[in-house]
Amino acid sequence: MGFYTRSSSEARVAWMLLLLCSCTLLLRAHGGGSRKLYITYLGDVRHGHPDDVVASHHDMLGTLLQSKEESVASMVYHYKHGFSGFAAMLTQDQATRLAEFPEVISVKPSRRVRTTTTRSWDFLGLNYQSSHTPASELLQMSNFGEDVIIGVVDTGIWPESRSFSDVGYGPVPARWKGECQTGPDWGINNCSRKIIGARFYTAGVPDEYLKRDSLSPRDHYSHGTHCASTAAGSAVGVDGEEASFHGLAAGVARGGAPRARIAVYKSIFAGYGDSATVLAAIDDAIHDGVDVLSLSLTVPYENSYGALHAVQKGITVVYSAGNDGPRPQTVEDTSPWVLTVAASKIDRSFPTVITLGNKQQMVGQSLYYQVKNINSSSHTASNFTKLICAQSCVPRHEILHQIDVKGAILVCLNDNDAINPSDDFHHAAKYVVEGGGSGLIFAQYTTDTLSSTVAYCPGIACVIVDIYISRRICQYAFDSSSPTAKIEPTRTVMSKDVLASKVASFSSRGPSADYPAFIKPDVAAPGANILAAVGDSYVTKSGTSMAAPHAAGVAALLKALHPDWSPAAIKSAIVTTAHVTDGHGMPILAEGLPRKVADPFDYGGGNINPCGAAHPGLIYDIDPHDYNKFFQCANVKEGISAIASCNTTSMPEYNLNLPSISVPDFRSAITVSRTVTNVGELHSVYHVVVQSPTGVKMEVFPDVLVFDAANKVRKFEVKLSPIWNFQGGYTFGSITWQNDRQVVRIPVATRITIQDFYADVA
């Protein structure tokens, strides 16, 4: 329009350039691109008061974002008690620049975490008192774990369950510094002398998950309640109605430490959680004063420093190993400072009788308790009804869609064709339910979880059989002009006739893909078909999620019995006294494809032995600050964005004083040292028994350890020499110190190598 002179045009250009520069600086401050949750780790707390720690976090983030307001808006969690760090919404560019700050050890994206018992405690030797049986010695000596505080990081808790009754409990321990956070369905009275604290963490959790859960510590997804009652549930069924799942697995339900207190940290909402919420829970638990932390979760290894700081504060941290077995290198939570727990089976079985029309009987496994079928009152699996066999129920074969199952029992042969048996079972059960069938007999090589026979089979009978049994059933069906069968309700059998312990097929296996220099898992504990609290009732669940609270309960008893023991001492006692043979004296087996004799990558030291752990004789203790030498080097080695010093003169990983030895890159003779502390009889003599890994010569010096009042700590050395010279696989052995009263055993794993980064895939 001609209103601008030449000089005004120049001014407009200058203004536009200034605006462009300002926008560039603003984008630089805000990083550009989408934001996501990052966790910044700063190491030990370096300020005297938590408020000062928070202020230092805002100073750092404000410097990065060039705005204190932006710092406050971006911050999600402050870690200010057990360790220093924060979780904040950042762009990738901002996270990269933040990692360059000299105070920062690491900056990593928050990653999603996954959640991973009437008979089990008796099976482990922790008998509860009854009218005809006294309580076990460990329960009596530890006063049932009274006043030990177990923190449970999970999906919350259902406080009205009988397992959390506080009748007969004294005041909350004076040392407790926790809180009882309230919400729409959780009042201050939901905390008690049993559930002494409850927190929940919603920041950073997507709204889609929060809308499906309650914004309170209440558990609507059952996982946390089940785990908490397994670890520390009060005794239910001693003088009244027994706990059971519709009459199955009936008995006294209680936790391993039934008089322990429970602190709840709800970090999982509608199945969703991430490392930021879990770290916030661990940080608060350190502040609150828990003694044991039980986490039936899989947490990314780069965020394991939360557990490290907890251990350095004297807290025993217990993690589940994961449910990705029997494949190797699937074990999770493999930091050397935590106790990682595999899942084993107990001496309880749920036989379910299948009677064929020719009166022949077969036996499978199920949790079938229904008598009346939801599809038809005249066609129930408990009455003789039509029997149909399908060569395969695998979805990709589409054979099922050609079969009318109305009123019938369907048999799925599968013939080893199932890629994912759990998904295939779900598919077949859904087809039978929707098609008006009355039952499903599903062939599977091995299974250690029966909850699917309830979860996927509303109103029908579902039974799991092995392939041999399924073929015999179908042979009858093919030979008969009018085949029929009926399925009886399941019974519960508990006896030495049931082979146990065995490592469950779903339990994740070693070696660790992150830290192969440490044997993981550390130990196995019951985790298959465990009955525990869910809401106001009791339900069986399977998983290493069920195994971890068993170990946490044992750790609580040991803490009550030996309050001065460190987390490393408690872990050592559990690992070195674990069973490697079953109740018949046979080697413990590991379920899988095929079943085999278990090794340390299946169960670590063995199956947990609570009464033995109470009096281990010798312990392998560790100064918790020794872990720092390994952890800082691991940060650099694993490529974490970090400005962290790595002391190249620090000890080799295999010399960390763990109750195990692993040498994954074994090329020439090495000497490994270990130190043991006598916690048994003052004057004791131990002799060594060496079982060398195949292909390795293993010698221990000295071969006799003598302890007295002046010599409670002894060091020994293990010389390992390869006999072979080729790229090999892992072989296993053990070192056992024993006398006429004690047996103290640690597992040994070695792998002879001749070149780096060799892919063992063919």
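Keep in mind that glycine also has a Cβ here, set from the backbone N, Cα and C atoms.
Per TrEMBL, these features apply:
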SIGNAL    1-31  signal peptide
DOMAIN    38-115  domain 'Inhibitor I9'
DOMAIN    145-581  domain 'Peptidase S8/S53'
ACT_SITE  ASP154  active site, charge relay system
ACT_SITE  HIS223  active site, charge relay system
ACT_SITE  SER545  active site, charge relay system
DOMAIN    655-749  domain 'Subtilisin-like protease fibronectin type-III'
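Within 10 Å of the Cβ of HIS223 (active site, charge relay system) there are 22 other Cβ atoms, across all protein chains. The Cβ neighbour count for ASP154 (active site, charge relay system), using a 10 Å radius and every protein chain shown, is 30. In the shown protein chains, 30 other C-beta atoms lie within 10 A of the C-beta of SER545 (active site, charge relay system).
For the pair SER545 (active site, charge relay system) and ASP154 (active site, charge relay system), the Cα-Cα distance reads 10 Å. Taken residue by residue, the domain 'Inhibitor I9' (38-115) breaks down under DSSP into 30 helix, 26 strand, 22 coil.
Mean pLDDT of the predicted structure over the domain 'Peptidase S8/S53' (145-581): 88. HIS223 (active site, charge relay system) is 7 Å away from ASP154 (active site, charge relay system) when you measure Cα to Cα. Residue counts for the domain 'Subtilisin-like protease fibronectin type-III' (655-749) under DSSP, helix first, then strand, then coil, are 1 helix, 61 strand, 33 coil.
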